Structure formats: structure tokens, C-alpha cells
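Taken from TrEMBL as is:
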- 2: active site, for GATase activity (ACT_SITE)
- 98: L-glutamine binding site (BINDING)
- 231, 267, 341, 342: ATP binding site (BINDING)
- 2-185: domain 'Glutamine amidotransferase type-2' (DOMAIN)
- 343: site 'Important for beta-aspartyl-AMP intermediate formation' (SITE)
């Protein structure tokens, strides 16, 4: 991952302003510690902090077309850049960077090229010929991007909120799958897949096609010129990523550079479920496995730094980000700069345990659509920012556009949990990789029950966080919470504690509005809480809140005070995020 900052149309073009933009860009240096770049054209500035993954020697940014009339600053990876370059036969490329192709595609096709990109990205492009600019974010929102406005009429874009929060009057999360054009002054959706309408698909389940598309997704993400590995929790999703990567590693350029033995990484409290399962998968796949331990106190000590980096007060996200943040630091110390991770599978296939209570395939499918649309606020935000805090890039094969198209076109009847038919959560992807002749994974791993990352690192982690918050948040503070925090009022001491830390770093109302709110159980959206009346009395983002489903569920405490309520649900992006920015364009699809 890299860090980008663009400031366009500033009133002050003094050297002091240039110095200020450099200073703000430095706030993103953790994302890109390898090099810094800045392009200034009249009243427009494009800054970049680079994490060199592809073409480390010559791919410094900003990047340009041949005559440097088009300038682009990019955070991300374009996996099909070679294929796209082959189409641009009249263009001359100056670097081996996968991102340079963006400048040339714009020169060739104008603003309508974004859907041609296969990858994860956020970028800002300046056309100096007419001083217009565009900004765009990838389909799902894997790469973060924020947009802000200055009192002087300037427009700002940044990979993280911390570079905008002091100098912008207002800022919002840039919606995934959208493009902003200065020509219209509005956002429009460039990503319009069939599933976005939430209509119910009817395509029969094709296990071999699903497996083939996922393998292609993993293989294309092995594009790297630096050491890499796989985050392996021992759960289904990360284990499948590791298995496919290990199986196909020898075929890649990366193997010739870094060896054909895959490195895997896991973290947890000593004796945690993930550590045991990950070790077993690593032994089965014969990877070079790195096991890291942390204590509850070490996690608590890191909370302030974690919240500063991930820029949210969502309980689930903070619980899971902390061990990931600690693990990323260890990974970077080993010289590794890129990892593959398993985010997205639970949203696509209904893997969270609360999906056991989905009343019918229509509601099941609509919930998966809502979850995918909200990924940029939760798991994508966590995976990106927790790793980028230490200059590590996380790639997510389950969120490949082509793979999602196939997976979300399956008749959701096949995804439904059917105990009578022996189908547990995510059965369609488990079955797709259940190969008797050449197994991808041991059977009991392939069919291991879903374990949320914040649970899998050790159940005492969440219990320790709750205890710590209780020591710092009094009953009287909770009684007055709605007056102190009228927007997204925290309803547990844990949520209140995280909110206090967040507001210390990001005190502006615009910052707190980038985090949505609502009730949740086991990572559900607010809508899915309605599936079981008992859940409303046990609202907690942990998978153990799925009473009667999780093997280690909390005891049913109906009638007692709930252990925790997630103040921020994985609901569809609220109107406040992106807000009415989408509305001015008639052809745009509402977020």
C-alpha cells in the first residue's frame, strides 16, 4: 500500500503552502516508507508516499504520460497492467510500475477507462492541459480514500483521514466503485454489477467454476517484486488462500526471485484456537510458518495507536485490528512487504454464524449484498490500515471482481445453511475445494466452524478488553452518553472507551460521521438482527453471540444486561457517507 494526498484549486500557492502539504503527506508515510514524491502544477498538488512492491527501482510516483501533461498519484495494484499495456501500442512507458498504465488509459479513453482496471486502487489524476481532474476508488473499497473541502474552495483527497482532518472544513469517506470528475463536480458510480440491485439470481451452483475463478484470483495476486506471504489463521478462508498460493507458487515469477516455499503468519494468545489450527494447516501445506504471540496487556497497550491508524471507533473492527496491527509489525521486521489475506468470503457466502437464522434465500442474498457494500467500512478498512500502519500491503483474493460476479450469481438456495442436508455455513466454497484425489486441505479444516478473527486469537482477548473498558468508564459516564455523544451513542463501556480515544485524535463532527451505527449480533447488519427475537437481548459483534449456533457460545443471559452492544453495525453505507454527493448525477446508482 501507498499513501496519496491531492490538493486541488488552493488559493494560496506560496512556498509555505507547499511545505504544509509536504507536512500533511508525511502523516501517511507509514503507508509508504520507501520514497516520497510531490508534483505541483499552478494551484494543484499531488503527493505520494510509496511502498515499493512492483518495480521498486523505477516506479516512483507521481506517474506521468509521455509529455507529462497527465499526472497521477495512485495507491494500489493493477493486476492486468500487462494486458492493458499491450492494447496501448502507440504509448511509451517510462517505468515498470503497474500503475503507470492509468495515465495512458486516461489519455486514450478519457474518464471511461476505470472499469478496465482489474485490481485494488484509489487514485487522483490531473490533466494539466485543461486543469481538470478525476478521482476514483476500486469496486469494493479495498483501498481507502477520503474526500474533503477547504474554505478556500479547494478539493482534497487522501488515503487516510488524518491528512485532511486539520485543514478541511468537511470530509467524507469516498464511496467504493465511484469516480469524481471536476468537469461535473459530482460523483458517479462506475461499478454496476448485477448483484448490486439485490435481485435474486437463479444460476445453478457450479463447484468447478467457483474453484477455477478463486484459483485465478489468488494467482494474479502473486504479482510482486518483494518478499511476501499469507496471513494464516487456520480458518477456512485464509487456509484456502494459503493452499492455492502454495500449489501454484512454482509457476510464478515470484518463486524465481524468493523461492518456491510459501511463508505463512499467524498471531494469537498462547493456546488460542487459531494458533493450533494454523500450525496444522502450515504443516499440511509444508509452508515456512511464523507463529507470533501477544498478551492481553500488550494488545490493550496498543489500543490508542491502533485507533489512530485505523480511524474508527467500531468495536468489532478495533477488536480484530489490534492483533493484526501487532502481527504486521512482526511481519515487517522479517523483511516481508506484501501478504495475502482471506477477507470477503463471509460476506459473499454468508459465512457469519448469524446466517444460520436467515429465514429464506431472498433475505439471505439481500444480507450478503448489504455486507459486501459495507466492507469498506469494516474488514477492508481493518485489513488495509492495520497492515499499512507498518508498511505492509494486504491483498484479498476473495474480493476479485470476476470472482464476486460468479459467486454472487449463484442461486442463494445453495448458500443457505441446511443442517438436514449436511450444509454448514459457506458450504458452496468448502465443497468446491473438497477434492478427494488431490486434497487442498484436511477435511476437518475444510469444514471448521467459522471463527471471527477477534475470537480466534483467543477468547480471553475480548473478555480482557471489556474488563479494561469497565475500569475506565463509569456508570455515570454511560448514563450521560447520549448527551456527550449524541451521534452514534455508545451503548457499552467498551464502545464508550474506544469513542473517547477516537475523539481525542479526530475531534471534528465530520470524522465521527465516517463511522456508521446500528445494532449488530455476531457482525450482522441491523436488518438481520430481526431474524431471531433472542438476539435483541444479546447484541454483541462476537461470533459467540450467535446463541445456539457457535460451539462456544455465550451462555443465554436473557433478561440480564447484555455483555456488549456493537455501536457500529455492518450496515449499508448511510446517506451521510458520500451523502448527497452521488445525487447530482442522473445516471448514478445510489450508494
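Each Cβ is built from the backbone N, Cα and C atoms, and glycine gets one as well.
Overlay of TrEMBL feature records on the structure.
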residue	record	Cβ neighbours (10 Å)
2	active site, for GATase activity	28
98	L-glutamine binding site	25
231	ATP binding site	27
267	ATP binding site	28
341	ATP binding site	26
342	ATP binding site	24
343	site 'Important for beta-aspartyl-AMP intermediate formation'	26
Distance from residue 343 (site 'Important for beta-aspartyl-AMP intermediate formation') back to residue 231 (ATP binding site), taken between C-alpha atoms, in Å: 10
Across the domain 'Glutamine amidotransferase type-2' (2-185), average pLDDT on the 0 to 100 scale: 96
Longest CA-CA distance among 231, 267, 341, 342, per record bound to ATP, angstrom: 15
Inter-residue C-alpha distance, residue 267 (ATP binding site) and residue 2 (active site, for GATase activity) (nearest angstrom): 24
Residue 341 (ATP binding site) to residue 2 (active site, for GATase activity) - Cα separation in whole Å: 18
Rounded inter-Cα distance in Å - residue 343 (site 'Important for beta-aspartyl-AMP intermediate formation'), the residue listed as 'active site, for GATase activity': 20
Distance, residue 98 (L-glutamine binding site) to the residue listed as 'active site, for GATase activity' (CA atoms, angstrom): 13
Rounded inter-Cα distance in Å - residue 98 (L-glutamine binding site), residue 342 (ATP binding site): 23
